[in-house]
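Novice: Shown below is the structure under consideration.
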Amino acid sequence: MQNSVIFIFHFAAAINFAYGIYYDLVELKLPDDYSKVSIDFAGRWKYLTFWNMVLQLVYFSFSLLNDVFGSNSVYKKDRTAIQKLRDYVFGSLVFPLGMFVATTFWTLWAINRELVFPVALDAFFPGWLNHIMHTSIVPLDFFELIFIPKTFPKRSLAMSGLSVLMLGYLAWVFIIAFKTDFWVYPVLAVLHWGYRLLFIAGLMVLASFMYFSGEKLHYVVWGEPTPKTVKSFQKTVKEGKSPKAAKEGKIKRKQN
């Protein structure tokens, strides 16, 4: 029963991002007047939001493969090779990038939406598609973190992977700007170089914070990765209990 629920969740999440990507690439038509203020160079791959959508789709699709042929374990020795790869990608890339995209987008929207999503887009860009891209990632990634058994990757390896991804995208943004004289995000266009670099440094700090937040929450839910806690939580998962319930039961036994 538990495995069926996990499979259905991963399938629904994959469909969510697959349809969002399909509609964005195939069904969404940009009017001529908007095309004049944008560029065709690199298409949707200019935007971190699209990178994140593809990453989320790949992850949840791969999770379906893991549900069938892999494992869902909090005990490192019980993990299959498929789960090891799934856990690394989630902890180092999927969760921090998903939270980063949602946080930065809606924060800038609240300050001045023209910096990230001009009002002119409302005429042809569906609101539900915007929420698939910038909102659905939050509940889906949090559900994955809290309810799907996994182990978090080693911090140094996770931060290395996240740094490569973020620095790679920033380099891509600068390449586009220098090649086409077009800044992917309007907020970068209105800042002078000093503030622009400071803004980018702040984004790197925020991305790191998202990783550490995910790591902390994971250990709060599933326990610190010590031999005793790992074995205890593995037994809890096999018995179909929640980590919190098992912890409360242990406290009661001590009191008695």
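Backbone N, Cα and C define each Cβ position, glycine as well.
Caution: TrEMBL annotation is automatic and unverified by curators.
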Novice: Among the residue ranges 10-29, 50-69, I'd like the one that TrEMBL describes as transmembrane segment.
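Specialist: When 10-29, 50-69 are checked in TrEMBL, transmembrane segment belongs to 50-69.
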Novice: Go through the chain and flag residues at least 6 beyond the ends of the transmembrane segment (50-69) whose CB is under 8 A from any CB in it; none is fine as an answer.
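Specialist: Counting only partners 6 or more residues beyond its ends, the transmembrane segment (50-69) has Cβ contacts under 8 Å with 3, 6-7, 10-11, 13-14, 17-18, 20-21, 24, 44, 80, 82-83, 85-86, 89-90, 93-94, 97-98, 101, 133, 137, 140-141, 144, 148, 169.
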Novice: Please report, as numbers and ranges, the same-chain residues at least 6 past the borders of the transmembrane segment (89-111) whose CB is under 8 Å from any CB of it.
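Specialist: Distant contacts of the transmembrane segment (89-111): 48-49, 51-52, 55-56, 59, 62, 117, 134-135, 137-138, 140-141, 144-145, 150, 152-153, 157-162, 165, 187, 203, 206-208, 210-211, 213-215, 218.
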Novice: If we skip the immediate neighbours and take only residues 6+ beyond the ends of the transmembrane segment (131-148), which ones have a Cβ under 8 Å from one of its Cβ atoms?
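Specialist: Result: 6, 9, 13, 16-17, 19-20, 24, 49, 52-53, 56, 60, 63, 72, 90, 94-95, 98-99, 101-102, 105-106, 214, 217-218, 221.
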Novice: By Cβ distance under 8 Å, which residues at least 6 away from the ends of the transmembrane segment (193-212) in the same chain are close to it?
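Specialist: Distal contacts: 91-92, 95-97, 99-100, 103-104, 158-159, 162, 166, 170, 187.
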